[in-house]
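Accompanying notes for the structure given below.
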Amino acid sequence: MASGKFITFEGIDGAGKSTHIPFVAEQLRAAGRSIVTTREPGGTELGEALRNLLLHQKMHLETEAMLMFASRREHLAQVIEPALARGDWVISDRFTDASFAYQGGGRHLSLDKLNRLEQWVHPHMQPDLTLLFDVPLEVARARLDAERTPDKFEREKADFFADTRAEYLRRAAEFPERFRVIDSTRSIAEIQLELKDLLAVL
Ligand SMILES: Nc1ncnc2c1ncn2[C@@H]1O[C@H](COP(=O)(O)OP(=O)(O)O)[C@@H](O)[C@H]1O
Ligand SMILES: Cc1cn([C@H]2C[C@H](O)[C@@H](COP(=O)(O)OP(=O)(O)O)O2)c(=O)[nH]c1=O
């Protein structure tokens, strides 16, 4: 059976990950791959409705974590798994690592509870490649301030993002076979050169 690859983009808000998704998709299309780009929370009609609630509504931390995984369950069933089965490659702006980093690292939900949700929703699948765009908080904050009206997560304090970033880096060290940490303080052009090299060996 045909099987595509699943690539996820991660990083704290303002790290610059969304900037690079069109570039990576274009490189892979030029190499003859069929590409689906998507995002979390979201990626389906229901998921986008959940995203709207998640980004703007106050809620209990466990409700937030469960809705992230509910959105993900729908996303896997409707978008990710069918695309991979067709042989397409899927690029997702965030996936489960974001739940560990934000709800676990940032908000201190127990990693055990997150592991159990992960085991429930996707016990046997992990991304083939996770690109972690890493920047110090001040850099991310300056990029966001220059750009947009903050949502619920982007209004969080520095400590929240320090803990979120630390959990991302901890996971990158725990799963080195699929993570690549990109120093995102560099210029967009420099980062694209590194991405080209990374994609060439996929
Ligand atoms: N390497 C970079 N150098 C300078 N500015 C950047 C860089 N990467 C992204 N930006 C800018 O920073 C802002 C946030 O980038 P974005 O890709 O939306 O971040 P994220 O998806 O990680 O939240 C945007 O205005 C973008 O143009
Ligand atoms: C997927 C996911 C996202 N998030 C958060 C991270 C982001 O702050 C927010 C939305 O992500 P994102 O789409 O990256 O926001 P933006 O387009 O504004 O950069 O949701 C979680 O807290 N847990 C999750 O599991």
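Placed from the backbone N, Cα and C atoms, the Cβ positions cover glycine too.
Annotation comment: TrEMBL describes 9-192 as domain 'Thymidylate kinase-like'. Under the heading ATP binding site, TrEMBL lists Gly11, Ile12, Asp13, Gly14, Ala15, Gly16, Lys17, Ser18.
Sequence-distant neighbours of Asp13 (ATP binding site) (same chain, six or more apart, CB under 8 Å from its CB) are Ala140, Leu144, Phe153, Glu154, Phe161, listed in sequence order. When the binding-site residues Ile12, Asp13, Gly14, Ala15, Lys17 are checked against ligand 2, Asp13 have a Cβ within less than 6 Å of one of its atoms. Summarised as a single figure, the pLDDT of the domain 'Thymidylate kinase-like' (9-192) averages 97. Long-range Cβ proximity for Ser18 (ATP binding site), meaning a same-chain Cβ under 8 A and a gap of 6 or more residues, is found for Phe9, Asp93. Compute the center of the Cβ atoms of Gly11, Ile12, Asp13, Gly14, Ala15, Gly16, Lys17, Ser18, which mark the site for ATP; besides them, the chain residues with Cβ within 8 Å of that center are Phe133, Val135, Ala140, Arg143, Ser184. Annotation for the binding-site residues Ile12, Ala15: lowest Cβ count within 10 Å of the residue's own Cβ, Ala15. Other Cβ atoms within 10 Å of the Cβ of Gly16 (ATP binding site), summed over all protein chains shown, number 20. In sequence order, Lys17, Leu132, Phe133, Asp134, Val135, Ala140, Tyr168, Ser184 constitute the residues six or more apart from Gly11 (ATP binding site) in its chain with CB-CB distances below 8 Å.
Burial estimate for the binding-site residues (Gly14, Lys17): highest at Gly14, by number of other CB atoms within 10 Å.
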